Amino acid sequence: INLELQISGVFLSSFPLETWPLEPITIEVVGNRHMDLMFPGHSFEGKTSFGMSVFNLSNAIMGSGILGLSYAMANTGIILFLVLLTSIAVLSLYSVHLLLRSAEVVGIRAYEQLGKRAFGHPGKILAAVVITIFNLISKLPLFCIFFEWFLNGNYLIIIVSVFIILPLALMRQLGYLGYTSGFSLTCMVFFLISVIYKKFNIPCPFDGFTNHTAENISIDGECEAKYFTINQQTAYTVPILAFAFVCHPEVLPIYTELRNPTKRRMQAIANVSILGMFVMYLLTAIFGYLTFYLNTEAELLHTYSKVDPLDTLILCVRLAVLVAVTLTVPVVLFPIRRALLQLLFPDKPFHWLRHISIALCLLFIANLLVIFVPNIRDIFGIIGATSAPSLIFILPGLFYIRIVSTEPMKSRPKIQAACFTALGFIFMSMSLTFITLDWVYGENRSGGH
């Protein structure tokens, strides 16, 4: 018995009914219309290599919060920071495992479709909204460094968005961005090397800091490293760390375009990417903190500028970071567009006008947020405390519990997933509580805010 399918006017080649769905099937498009959204993850053969996939996923991770890690270490101490960073990295890897396992069971490689499979249409909407909110704002704080350089920084943001970000954001497939992601990571390696170099060239205590800054710093122990520190600003540390490892919206799109896609192969990509970023984060945080100690501010590059505003190396580092962030934005806009397409046009074939319109709208909204909400620390705290635990802990755990029906609820994997989900809710509640208390009772906040 052969079965012939017709979906939205697209005819598919027939295949033996008795082999479906027990046997893997190859579906050939007979018509000439695209099928990107009809079979998420299976509409075309992936062509992206392992290395390019690592570049893309690492790039998605990298821009999320590296400038705030030294500040986080200054408010936790070296040992506590290391424990927290390691814990978040391991939990992020486990979260990727839950996502890939859920996708493997149902044969779906779209975050929003997993939400629909688990909780129906409300689950699909929730996943799309969380991805949109997080990815639309996660890269924006780094754009605040534009305002440090130019009198007309707002115009520069618009120019960069139109002439650099937009053309890259119009790419149909994420795999095409592998080369730009590799260059972006190279820029951030230059940033790390410069941070390490500056540790041995900036003396402590510092003569170049303003009197206003010095008034907010205790002279005793100013240049002494702390191993454990708990203060009013510690509430921001866990959100910043969780924010720094969120790459989960990009995992399934990268999995979709991977050559020879298997769960083990995609998990290996996640392992390499997160391990690489863990090393880079740790080195940046340690050497940045050991350079400025208690003088470390929420935005590390701003701290260097207080020592010498005309330092040639730091100006080059700023340019490198700008290039890196600029090349990261198209990668994180990709899952937003995919989420919106899944939500608003679930049964529509690919159309360039729709593709371009969504990209333009997203960049317009992003520019508005960058121009009118430039405070890097507030954005890190709030978004990290809400959407980050949802993407890392809550949604992957719930998806696994609801989708993987072959395992009983009392089985060890599902109990672990349930605890993982509960940890996400606890983390979200505690972070929001601490941040609210800091806003209400805090007086001296970094950066004068």
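The backbone N, Cα and C atoms fix where each Cβ goes, glycine too.
Computed from a predicted structure; not experimentally measured.
Database features, via TrEMBL:
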DOMAIN    47-435  domain 'Amino acid transporter transmembrane'
TRANSMEM  54-72  transmembrane segment
TRANSMEM  78-100  transmembrane segment
TRANSMEM  125-149  transmembrane segment
TRANSMEM  155-171  transmembrane segment
TRANSMEM  176-197  transmembrane segment
TRANSMEM  268-292  transmembrane segment
TRANSMEM  312-334  transmembrane segment
TRANSMEM  355-373  transmembrane segment
TRANSMEM  379-403  transmembrane segment
TRANSMEM  415-437  transmembrane segment
Note = Listed stretches 78-100, 268-292, 355-373 vs the transmembrane segment (155-171), most Cβ pairs under 8 Å: range 355-373
Ask   = What stretch, picked from 54-72, 78-100, 268-292, 355-373, 415-437, has the most CB pairs under 8 A with the transmembrane segment (312-334)?
value = 54-72
Request  = Can you tell me which of 54-72, 355-373, 415-437 gets the most C-beta pairs within less than 8 Å of the transmembrane segment (78-100)?
outcome  = 415-437
Inquiry  = Between the transmembrane segment (415-437) and the transmembrane segment (54-72), are there three or more CB pairs that fall under 8 A, provided the residues in each pair are separated by 6 or more in sequence?
reply    = no
Request  = Rank 268-292, 355-373, 415-437 by Cβ pairs under 8 Å to the transmembrane segment (176-197) and hand me the top one.
outcome  = 268-292
